[in-house]
Amino acid sequence: MSRQFRECYSNLSGPILRPVLGSIIPLSIPNSRIRLIRFLGLCASLLTFLYSLVLWIRFDSSTAEFQFVETIRWLPYENINLYMGIDGISLFFVVLTTFLIPICILVGWSSMKSYGKEYVIVFLICEFLMIAVFCMLDLLLFYVFFESVLIPMFITIGVWGSRQRKIKAAYQFFLYTLLGSVFMLLAILLIFFQTGTTDLQILLTTEFSERRQIFLWIAFFASFSVKVPMVPVHIWLPEAHVEAPTAGSVILAGILLKLGTYGFLRFSIPMFPEATLCFTPFIYTLSVIAIIYTSLTTLRQIDLKKIIAYSSVAHMNFVTIGMFSLNIQGIGGSILLMLSHGLVSSALFLCVGVLYDRHKTRLVKYYGGLVSTMPNFSTIFFFFTLANMSLPGTSSFIGEFLILVGAFQINSLVATLAALGMILGAAYSLWLYNRVVFGNLKPNFLRKFSDLNGREVLIFLPFIVGVVRMGVHPKVFPDRMHTPVGNSVQHGKFHR
């Protein structure tokens, strides 16, 4: 057993510690050698991605147990230790994180002319923190890393943001998410004083009274709902997206929004099953309101980033409907949709970044007729617009279909209203594409045109492959996650 743990230790520690080492090395390199710094950062992030693929290959899909488990004595006298491990749920979020960070470094390869070294270091540290969140099996240390992710994102928005209001947006993002998490910290302290441990594997076998479950569930909800985000605590997201640089929006949409739904799935649902059943109608109500409200709001936006940001709110609330259907179809579909959203939404923000780098504006009214001047860009933008609409054959379709199947088994009205959100999603996606790509050119506002260069095509290519792979042959994903999802549903004993 000890040999197996040592072998697993080297595997799981690879993707966790590699970004830390990659962020330390550039500190000794002068800023004048920025190309070398970027190259080292890119190599470190690519090696981390390869490590995560090794975990995927070696993962045993026949068991629901946590794998590659590591234990480090942290505060042994307080019975608080560093437990790390992954299952079929967290595995894909680790892979998604390691996939997006090299993209972010490539995005800022030429556009980030100020604080280039710090840019690479911040994103590598952010990668370390996000991987640690998905691997952490101790509730207190999960909270520590869960909140620590705010720091590099706060710096990213405040330093490399694109407008005058970037400082206000950074503080709004930080305070909104931090305030909600204070209640979760109080709940963790209450759990520790009652059970004497914060080890998730022990807490999953601990039964809390119904009244205590309700109190703890509300405290966790206050933290996770802001990260999703759910209405009405979603106001910070459009502002943060508008002010963040392109790479910041990619991480924000691709990973950070998943921390809230991952928290629901990992902690709230299995640890507090009775409270989860009690609050499911409440979650359904908030989610349906969010889907319809934000979809209609999207149709009224004039900023390209705000359109995609409100679209993200609608998709993530679609995820919460599937998650709280509390059956295998709904939860499995919600995980698939989260992974798909991490690809599609990130790619759409990259498309907006391509336009902003050339024309320095994100207002829809200044664009039109790009199909005649940027045909390659228009084709790629059209592909991801279709993926955002959940067209069959793209990655989002299978996730949304499974969510509707799971939700319909529980509440047909909720499933019908969620399907209405899909129709509205198609409406604003096609409206956006039509306004930007077709119509007449506006030479009074846009004077210089250039299509995608080689670096940009290289960035988009893995997104296209991932979206098509998930849409055409998604079997590899349910194979890995089916056992832990089924075990979670069975463990919760959700009798309606």
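Placement of Cβ uses the backbone N, Cα and C atoms for every residue, glycine included.
The domain 'NADH:quinone oxidoreductase/Mrp antiporter transmembrane' annotation in TrEMBL covers 138-419.
The transmembrane segment feature in TrEMBL is assigned to 36-57 (among others).
Annotated transmembrane segment per TrEMBL: 82-107 (among others), in sequence order.
Per TrEMBL, transmembrane segment is recorded for 119-137 (among others).
TrEMBL lists 143-161 (among others) with the feature transmembrane segment.
Annotated transmembrane segment per TrEMBL: 173-194 (among others), in sequence order.
Annotation source TrEMBL lists transmembrane segment at 214-237 (among others).
The transmembrane segment annotation in TrEMBL covers 244-265 (among others).
Positions annotated as transmembrane segment by TrEMBL: 307-328 (among others).
Under the heading transmembrane segment, TrEMBL lists 334-355 (among others).
Taken from TrEMBL, the feature transmembrane segment applies to 367-389 (among others).
According to TrEMBL, the transmembrane segment annotation covers 401-431 (among others).
Summarising the annotation, TrEMBL assigns transmembrane segment to 452-472 (among others).
Sequence-distant residue pairs (6 or more apart) of the transmembrane segment (143-161) and the transmembrane segment (244-265) include at least 3 whose Cβ atoms are under 8 Å, placing the two stretches in contact. Sequence-distant contacts of the transmembrane segment (401-431) (same chain, at least 6 residues past either end, Cβ-Cβ under 8 Å): 280, 284, 287-288, 291-292, 295-296, 298-299, 307, 311, 314-315, 318-319, 321-322, 325-334, 336-337, 385-386, 388-390, 496. Here the transmembrane segment (119-137) sits against the transmembrane segment (244-265); at least 3 CB pairs are under 8 Å, leaving out pairs fewer than 6 apart in sequence.
Sequence-distant neighbours of the transmembrane segment (452-472) (same chain, 6+ residues past either end, Cβ-Cβ under 8 Å): 99, 103, 106-107, 109-110, 336, 339-340, 343-344, 346-347, 350, 354, 374, 376-377, 380, 383-384, 387, 392-398. Residues 146, 169, 172-173, 176-177, 179-181, 183-184, 186-187, 190-191, 208, 252, 256-257, 259-261, 263-264, 267-268, 271-272, 274-276, 278-279, 286-287, 289-290, 293-294, 309, 312-313, 316-317, 319-320 of the same chain, all 6+ positions outside the transmembrane segment (214-237), place their C-beta atoms under 8 angstroms from a C-beta of that stretch.
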